[in-house]
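Participant: Below you'll find the structure I mean.
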Amino acid sequence: MKYMSEILFYLSWPLLIVISYQSVKWLISKYEKKEAELIDSNNNSEL
Amino acid sequence: MFESIDLALVNWSRAQFALTAMYHWIFVPLTLGLGFIIAFMETIYVRTGNPEWKRITKFWMKLFGINFAIGVATGIILEFEFGTNWSNYSWFVGDIFGAPLAIEGIMAFFMESTFIAVMFFGWGKVSKRFHLTATWLTAIGANLSAVWILVANAWMQDPVGMRFNPDTARNEMVNFWDVFLSPSAVSKFLHTSTSGFVLAAVFVVGVSAWYLLKKREIAFAKKSMIVASAFGILSSIMLIGSGDSSAKTVATAQPMKLAAMEGLYEGTTNAPLIGMALITDAQDKPLTRESQAEFAMKIEIPSALSFLAYGDFDAFVPGVKDLVLGNEEHGIMSYKEKIKRGYEAQQTLMAYKKAQKEKSPEFAALKAKFNDDTWMDNYFKYFGYGAYYDDDPETLEANAFKMVPPISLTFYSFHIMVALGMWFLLLFMIILFLIYKDKLADNKVILWASVWTIPLVYIASQAGWIVAEVGRQPWVIQDLMTTSRAVSQIDTGSVMITFWLFAITFTSLLIAEVKILTKQIKIGPKKEGGKQ
């Protein structure tokens, strides 16, 4: 198809948004989990 | 050929358009990228129900709103300038350029503006999911409206999908898909929109770093930085990929721009890419066949330019002189020959108009030329070059060298853009690494570097457009129309006055934006349930 590579190239744009969101979601969940563990360990040490 | 053109009018018109476009591009990229960063944040809020994420979303949304409102004003003026200052251009290609511009207007005014109202004023009035949808559609709408103006710009750099109509002396679109799906259009959209994503990511990282330096809103700042850095890294990777594809389209459609970007006077196989250099401006005096590239110092990457331009380390990359004087060995037609052919195309058009008016018997033969694909490819393709024609061979060669764009400005803009782009990617990676090692809040060097990277990202962004627009001079439409021919024949004084009026207005808008943004940043995110 004449425009196949151009169409695929355009489609990389929504793919970037989807991958970015998934990466953000994963990194934030990892960070929040780590923060929660830190707070728990601080609370336990205070007790 | 130049006597009839008022260069003061051309230069003031160019200055006015450049001023408007550069100011417009201060506001737009932040809108393009921050919209998605906000959408990511709000999606996390809706999925988790954590009110902290609502607070984070609302803060960045406020900054987005300030930037959006001020940016709209510059964009509207830009569109009017096509008609007021560039009416010859609008006449010559309005049939093609007008279509994407109209779609851009519809997208911007209907999609983006509708949903932005829900995004700002809909909190608590519509459901969480409806509000989230409005936020996403605002972000997508802003970028979709950018697609069309970038398709229009790409067409000016690589005109395709049209046919010249000698009766109206206008180019008319014959294939919309050729215009929309040209490799130049795709590369331009991806490269420009992802540059906006990177700019917004740097903005969020820089502002958040300021909070960390002030030891305020630590959790808010770190979470914002994670979202922005992750988006920044992925966008930077795509920015590099689309930059590579842009270089390949430039090598094909605008080889002179590529030569100027690299300060390449003599073409070569295995052409090296300059990593860093200080160029001595040879354009202090007019370029001639004796001119040489002069560098005070340079660091090169062997064969990289050949690969960047043609995907082949051994490829021949033409230099400025190969393009102006021609290179038979590599099948490159000289500018001098193109000028002669363009002049013949212009003369044919004038003869056509005369024969049409006088109902001359020559008319049919002249009309046949404009319907003949071979003649169009061999002569009309170089129509714009005819503006540089002169009977005297020496003057013609001097005119051909006048068609070389400003090399130093194009060269430095390109290299500044690339170097800063690499720095942004490195910064995002360092930020993420330090956050996960829990060492970011103590690292003042990186935090201050993040703050000071905010002005740098705007410099890189402007430099990118300087490469695109200065590097393509003297063309307003590549090979077909020079910038000087595109200008409206209006009073130079009017253009000067409006230039200064716009300069004062835009500067005031920029100062207002910076003041309002810094005030809101100093206030910080709203405390949940309390005052700001």
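FYI, residue positions are counted from 1 along the chain as it appears here.
Even glycines carry a Cβ here, placed using N, Cα and C.
Okay, these came from TrEMBL:
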TRANSMEM  B:22-47  transmembrane segment
TRANSMEM  B:59-78  transmembrane segment
TRANSMEM  B:98-122  transmembrane segment
TRANSMEM  B:134-156  transmembrane segment
TRANSMEM  B:189-213  transmembrane segment
TRANSMEM  B:225-243  transmembrane segment
TRANSMEM  B:412-436  transmembrane segment
TRANSMEM  B:445-468  transmembrane segment
TRANSMEM  B:497-517  transmembrane segment
Participant: Take the C-beta pairs under 8 A between the transmembrane segment (B:225-243) and each of B:22-47, B:98-122, B:497-517. Which stretch has the highest count?
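Facilitator: The stretch with the most close Cβ contacts to the transmembrane segment (B:225-243) is B:22-47.
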Participant: Below 8 angstroms Cβ to Cβ, which residues of this chain, lying six or more residues outside the transmembrane segment (B:59-78), approach it?
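Facilitator: Contacts with the transmembrane segment (B:59-78): 17, 20-21, 23-24, 26-28, 30-31, 34-35, 37-38, 41, 108, 116, 119-120, 135, 204, 207, 220, 224, 502, 506, 509-510, 512-513, 516-517, 520-521, 524-526.
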Participant: Where else in the chain does the transmembrane segment (B:189-213) make close Cβ contacts, counting only residues six or more beyond its ends and a cut-off under 8 Å?
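Facilitator: That would be 28-34, 36-37, 60, 63, 143, 146-147, 150-151, 154, 220-222, 224-225, 227-229, 231-232, 235-236, 238-239, 241-243, 245-246, 421, 424, 427-428, 431, 440-441, 444, 446-448, 450-454, 456-458, 460-461, 464, 521, 524.
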Participant: Find the member of B:22-47, B:98-122, B:134-156, B:445-468 that has more C-beta pairs under 8 Å to the transmembrane segment (B:497-517) than any other listed stretch.
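Facilitator: Most Cβ pairs under 8 Å with the transmembrane segment (B:497-517) come from B:22-47.
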Participant: Which range wins on Cβ pairs under 8 Å with the transmembrane segment (B:134-156): B:22-47, B:98-122, B:445-468?
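Facilitator: Answer is B:98-122, with the largest number of Cβ pairs below 8 Å.
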Participant: May I ask for the residues of the chain that lie six or more residues beyond the transmembrane segment (B:98-122) and have a Cβ under 8 Å from a Cβ within it?
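Facilitator: Distant contacts of the transmembrane segment (B:98-122): 61, 65, 68, 75, 79, 82, 90, 130-131, 134-135, 137-138, 140-142, 144-149, 151-152, 155, 173, 176, 179-180.
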